[in-house]
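**Student:** Mind having a look at this structure? Questions to follow.
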């Protein structure tokens, strides 16, 4: 019933109008799993390779026909007859067949799409929801929780065409008692932020992740606008809603000069100065989580940041760790950061993703499940967050169907699981329990 009889891939379009890989895995019992690979804009240099065609006459070089050749050729051939419910074995076949450190032969986009489609097919064969199957694969069968959302309501950096250097300003509805209530609070703040920005004569156009993308005089001005919106929605900042930021600092790091050039504010910082700048923002506003607060290569700076802020704040490594257990292990050993951002396509398979989550949790780090700026209607990360009881999720704002698809899937899961999947709110954030 769970043997693979067919694997196929196709080229579909993501939320930025670029092609991506979608895969289907068909089993002998008539079960089918389908999944699509996401794509990032601000990417870590050590991420698994996303294979693009480079043919400028087609999709401006962004086509994925080479990756599809791998899916429909060697990957499909190698997986025929294999048991889809043995996810680790399926992923290992593809990893071995690719044979490179960073999946550059077939592309992480090819391997990941098949890996996730296989997980969905395996869940169907077992007659269970994907989150339940993931919990079993994770060795935590029956252990679920609903994640605290980090909602990216002001976009900057590589995710927007504005002058704001910091990439994401997020809210966390920590006063909510359920995930459903958290979504409502987030939506109400989002709509009030639109009113606040309009009243200031600012743009309410949205960026890649559905947050507003106005030009602002400073990064602090973004936080001030969110504070105003939270209060206008009838909530108290710091009690009902907390703040989080993704600096994506690698995007404004000047490697030659070794400093951080925030062109939007006209300021240049050393690593140490930028850490104190972040500390100052966290003293002014109830920021509880900072992601990629320095360049991915600035490990000495990250060590200082962790020592300076890590007892009070969640210090999240995204480009820093790229969902890679080898790099994460080094970070744990050196006491760098205290949390990891989890992105499937940074590593390229479900099995390796689960290994990174487990390593983080075993070391006392938190794991934040995340989308990418280039997304599709695929909502697998919702099931991943619940099935691993990760506790936190980043999946954009309260607009754009590519973001809302994940929130809606989480609402369905909460309805199905009820009390079996508690919503723990702020307790899930490192340093806030």
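Cβ coordinates come from backbone N, Cα and C, glycine included.
What Swiss-Prot lists as active site, proton donor is 209. If you look up Swiss-Prot, you'll see 343 marked as active site, proton acceptor, on the strength of sequence analysis. What Swiss-Prot records for 167, 343, 372, 373, 394 is (2R)-2-phosphoglycerate binding site. Taken from Swiss-Prot, the feature Mg(2+) binding site covers 246, 291, 318.
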**Student:** Which ones, of the recorded positions 209, 291, 318, 372, have a Cα no more than 10 Å from the Cα of residue 343 (active site, proton acceptor)?
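**Tutor:** Qualifying among 209, 291, 318, 372: 318, 372.
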**Student:** Pull out the recorded positions from the set 209, 246, 318 whose C-alpha sits within 10 Å of the C-alpha of residue 373 ((2R)-2-phosphoglycerate binding site).
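**Tutor:** Within 10 Å of residue 373 ((2R)-2-phosphoglycerate binding site): 209.
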**Student:** Cα distance, residue 372 ((2R)-2-phosphoglycerate binding site) to residue 209 (active site, proton donor), nearest Å?
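**Tutor:** Cα-Cα, rounded: 8 Å.
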**Student:** Rounded to the nearest angstrom, how far is the Cα of residue 291 (Mg(2+) binding site) from the Cα of residue 394 ((2R)-2-phosphoglycerate binding site)?
**Tutor:** 11
**Student:** Judged by the number of other CB atoms within 10 angstroms, which among 343, 372, 394 is the least packed of the recorded positions?
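**Tutor:** Taking 343, 372, 394 as the recorded positions, the minimal 10 Å Cβ count falls on 343.
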**Student:** Report the same-chain neighbours of residue 291 (Mg(2+) binding site): residues 6+ apart in sequence with Cβ closer than 8 Å to its Cβ, ordered by sequence.
**Tutor:** 168, 244, 245, 246, 247, 248, 316, 317, 318, 341, 368
**Student:** Mind giving me a neighbour count for residue 246 (Mg(2+) binding site)? Other Cβ atoms within 10 Å of its Cβ, every protein chain shown.
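**Tutor:** The Cβ of residue 246 (Mg(2+) binding site) has 29 Cβ neighbours within 10 Å.
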**Student:** Over the residue list 167, 343, 372, 373, 394, recorded for (2R)-2-phosphoglycerate, what is the maximum interresidue Cα distance in Å?
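**Tutor:** 17 Å is the greatest Cα spacing among the residues binding (2R)-2-phosphoglycerate.
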**Student:** Can you check what DSSP calls residue 246 (Mg(2+) binding site), collapsed to helix, strand or coil?
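**Tutor:** Strand, per DSSP.
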